[in-house]
Amino acid sequence: MDSHESSPPSVSRDWFFPSPSPSFTQPSSSSSSSHRHHLHTPPSRRFSTYPKPSNPSAAGPALRTTSSSSAASSHRDLKYAGFSRRTNFSRRYQRSITPEADAPSVVPQIPQKCDVSNDKTSTPDKFIDLVGGRLKLRWQMAFLVALLITTFSSLLHKNFSLHNQSNDLQAQIMKLNGRLQLCNLLEPIDIDDLDPQDSTNLPNKRLKSMALTISVTLLSIPFLFLKYVEYISKSRSPDNLKEEASLNKQLAYKVDVFLSVRPYSKPLALLVATLLLIGVGGLALFGVTDDSLADCLWLSWTYVADSGNHANSEGLGPRLVSVSISFGGMLIFAMMLGLVTDAISEKFDSLRKGRSEVVKKDHTLILGWSDKLGSLLNQLAIANESLGGGIVVVMAERDKEEMESDIAKMEFDFRETSVICRSGSPLILADLKKVSVSKARAIIVLAEDGNADQSDARALRTVLSLTGVKEGLQGHIVVELGDLDNEVLVKLVGGDLVETVVAHDVIGRLMIQCARQPGLAQVWEDILGFENCEFYIKRWPELDGMLFEDVLISFPNAIPCGIKSVSCGGKIILNPDESYVLQEGDEVLVIAEDDDTYAPVALPNVWRGNLPKEFIVPNSMEKILLCGWRRDIEDMIMVLDAFLAPGSELWMFNEVIEGVREQKLIDGGLDIERLMNITLVHREGNAVIRRNLESLPLESFDSILILADESVEDSAIQADSRSLATLLLIRDIQAKRLPYREAKASSHGRKGSFSQGSWIGEMQQASDKSVIISEILDPRTKNLLSMSRISDYVLSNELVSMALAMVAEDRQINDVLEELFAEEGNEMHIRQADLYIKEGEELSFYEILLRARQRREIVIGYRLGNVEKAVINPPGKMEKRRWSLKDVFVVIAEKE
C-alpha cells in the first residue's frame, strides 16, 4: 500500500461537494493521479466550510503534488493540519493563472469562488461592487418609473388629443354641412362672413401638451427627489459608525426647525401648498380641456375651495384632474382648519395661563404672593375709590386661574378696582415687561412665607431685576423685608427707587407700644388703613409765612402733624416747634379722611388756656412676660430696655432650651451685658400646656405679649389657634388666682354682655389687672377677641399690608412711619384727660389742641370713657363739649 492509502482522507478537512457536471470529471490512469485529482481539483460548488488559500504560490504546489511525495511530507502535513485549518481562514484563496502541465484542461474551467475571507484588504473591493450594484439597480428603477410615467402621460395626452381632434372634426363637418345648405339656398352670400370665430380661438395644441407635461413633471419631481434622498442615505457605508446622520434625517430636522422657530412658517407652508395645488391643477385642466389658462386656474381654485364643484366635469381627463384637485383641496382645508384651531386654542390657553401682555400705565404692580395679599388689595381698593377705581396687577409664580380663584374668595369689595393676574417670575425681565413694569406708578415686592433670609435674598434679586429694566421705572419700589439686617443691602442695590418696610420690626415695636399703652393698637389700625383717616402731604401756598401753631387750627377737616421743609432738603419734620414759620415751597403733613376732603380756612378765634397740671413721666419698674419665640426677639429686647425704667424684669417663656436661647440672642446681635434697665428671666415650657403656664406668676405681670411663635408662623390659622389657646389659659389662671373681692370691685365699671358668674366674665375681670397683647395673623380671628374683650390684639399681617399700601400710594409716608416706630423721635401716646382739662370743663377740640402745644404735643383724637373706639380727626373742632376725666386723648409727642 502506498503512502496515499495510509494518509487521512483530508489533511485540512476541507468539505467540498463535487460538481455534478461531467466536464469536471477527469479519468486517471493511476491511483495517485486519481487521488491528487480528488484532493486538489476545485469543485464547482461555491459554498464550503473552509476557505481556499489566497497565496498563488501555495496553490501551485498543491496542484502539482504527486504520489511520489515522501512519507515525511505526508507526516508533516498531518502534524500541522490543525494549525493550517486555523490559519487558512485569514488567507485569501486565489487561483493560479499558470496552467499546470499535468491538468491543462481543468484549471481554466474552475469557476470563481465566493470569497468569504475576513481579510481587511478585500473590504473596499466588496463595498465598491456592492455600491455599484445598488446604484445600478436604483437608477434602473428610477429610469423605469420615469419611463412608465412618461408613457402613461403620452398615452393620456394622446387620448385627450384624439378626443379633441374628434370634436374638431365634428365641428368642421357641421360647418361644412351648414355651408352646403347655404350654397343651395343663397349662392351669392359671402360664406366667409358666416365662419365662426372658433378657428381663431382654438387653443394651441402644442401649448396644451406642454402644460400637461409640465404638470405631470411637477407632480413627479417630489417623488423622484424623495427616492433620490433615500438612495443617497442608504448608499453610505454602514461600517462607519461615526458618520453623520443620513441626508433624509438632516432634511427632516431642518424642516422641523423651520416650522418650530419661525412664527409664520406653518401659514406660509400652507399658502405655498395651496398656490402649488392651484397652479398645477390649472395647468392640468388647461391640458385636458378647451378653456383658457386663466379660466382653468380659476376653475382649479373653485375645486380647491369647494370639493363639490367637480361634479359638473365631463370626460375622463377633466374628471380625473378635477377629482385630484378636489382631494388636494380637502387636505388643504383640513390643514387650515387644524392651524386655525391650534391658534385659537393657543390664544385661549395663553389667556388662561396669564401669558398675554398687560398694556396699562399708572397701575400698581404687586410681585409675589403671601397671606398679606388680601389685606393689601383691600387697602389699595379703598385708596383708589376716590379716583373712580384703579388697576392692580399681581404677578406670581402660580397658575393664573388659582390666583383669580383665591382673590374671588376674599371677603371685601373691590370698589371698581380691577385686579389682573399674570403668571411669571419677577427675576425674569421678559415677565416683568409682560406686566408693563416700566409704566407702573408703584411696585410692591411681597416677602415670601418661610425663612426670612431666603425671602430677603429673593427680594434682593427682584430689586436687581427691576433696576435692570432698560426702559427705566416710572414709579418707586416698596420692598417688604423679614430681617432688619438686610435693609441696608437692599437700599444699597435699589438706591433712591427703593422704600423698605421691615415687617417683623414694625410689628415688634408696635406690640411693645400697645402693651405699655392699652388702646393704641386700634388707633394704629385706623391711621394706617385707608378706611378712616390717614396721612397726606400737600402744598398750600396761602400758608406761607404762617406759624405752625396757627397752621394747626387752619384745617377744620384735618389735623396738621408736620412739615416737609424745603430748607432741610425735603425732610419731613414731625411735630415741629410752634414757632416754626412755613417757607415758600414747604408742604404740610396732615391726618385727613381723603386728599380732597380738607383745605385751609381763615384763622378762627380760639381761647388759649393753661394746662391744669404738669405731666410727670412715670418711672416705675415694670414686669413684662414674652410668650413665644420670634426671629427678631433681640430687637424687641433692646427696644424694651430703652423704654422701661431701671430695675424692670423681662420674663421669656418659650420652648427653646435656655442654653440655645442665649446663643441665639448673641448671634442676633444682642449683648446681654449691656442691658441697662431690664433683667432677663428665662423659663422653658409650652405656652399651650396649662401646667407649664401655672408655674409662672401670671397675676404679677403688668403686660403679657403673646407672640406668633416662629415654629408655626408660616400657617396663620395654626399660629392664631396657638395664640388664642395661650390667651384663654392665661386669663383663666389669672381669674382663679385673683381674690373674689378684687374681681368684684373691678367689675363695677365694666358693662359687658356676659354675666359675672360666667367664665368669660371672670376673664374680663382679670383683664383689668394686666394687659395682654396677642399677635394675630388672620384678620378673621380678631372677631373672637373683639367680642370677648379679654385681650387687646395686633393684626400683624393686616397692619403690614396697610403700611405697604400707604407707602405705595405715597413714598414720603415711609419717613413718617419710620420715625413713629423708631427708638428716638416722636411716637403716639395715650394721655389721660386730667393732663389737659379740669373736671366738668367745657372746651372745644381746638382749645385742647392749643393747650397740648404748650408741652409740644399734637392731639389727633380722643376716646370717651364710656366707649371702646377712639375718634381720630374729629369733626366739629370748634364745638364746645363737657369732657370727663375718664376720657383719654391720642397725641403725637416725643418719646419719654
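Along the chain as shown, the residues are counted starting at 1.
Placement of Cβ uses the backbone N, Cα and C atoms for every residue, glycine included.
What TrEMBL says about a protein is an automatic prediction, not a curated fact.
What TrEMBL records for 1-10 is compositional bias 'Polar residues'.
What TrEMBL lists as compositional bias 'Low complexity' is 16-33.
Confidence over the domain 'RCK N-terminal' (361-502), given as mean pLDDT on the 0 to 100 scale, stands at 90. Residues or ranges marked as domain 'RCK N-terminal' in TrEMBL: 361-502.
The region 'Disordered' annotation in TrEMBL covers 1-77 (among others).
Here TrEMBL flags 96-118 (among others) as region 'Disordered'.
The transmembrane segment annotation in TrEMBL covers 137-156 (among others).
Per TrEMBL, transmembrane segment is recorded for 210-229 (among others).
Summarising the annotation, TrEMBL assigns transmembrane segment to 268-288 (among others).
Annotation source TrEMBL lists transmembrane segment at 320-345 (among others).
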Is the transmembrane segment (320-345) packed against any residues at least 6 beyond its ends, judged by a Cβ distance under 8 Å, and which are they?
266-267, 270, 273-274, 277, 281, 284-285, 288, 300, 303-310, 313
Distal contacts, the transmembrane segment (268-288) - CB-CB under 8 A, six or more residues away:
157, 160, 208-209, 211-216, 218-219, 259, 262, 296-297, 299-301, 303-304, 315, 317-318, 321-322, 324-325, 328-329, 332, 335-336, 339
Helix, strand and coil totals (DSSP H, G, I; E, B; other) for the domain 'RCK N-terminal' (361-502):
62 helix, 31 strand, 49 coil
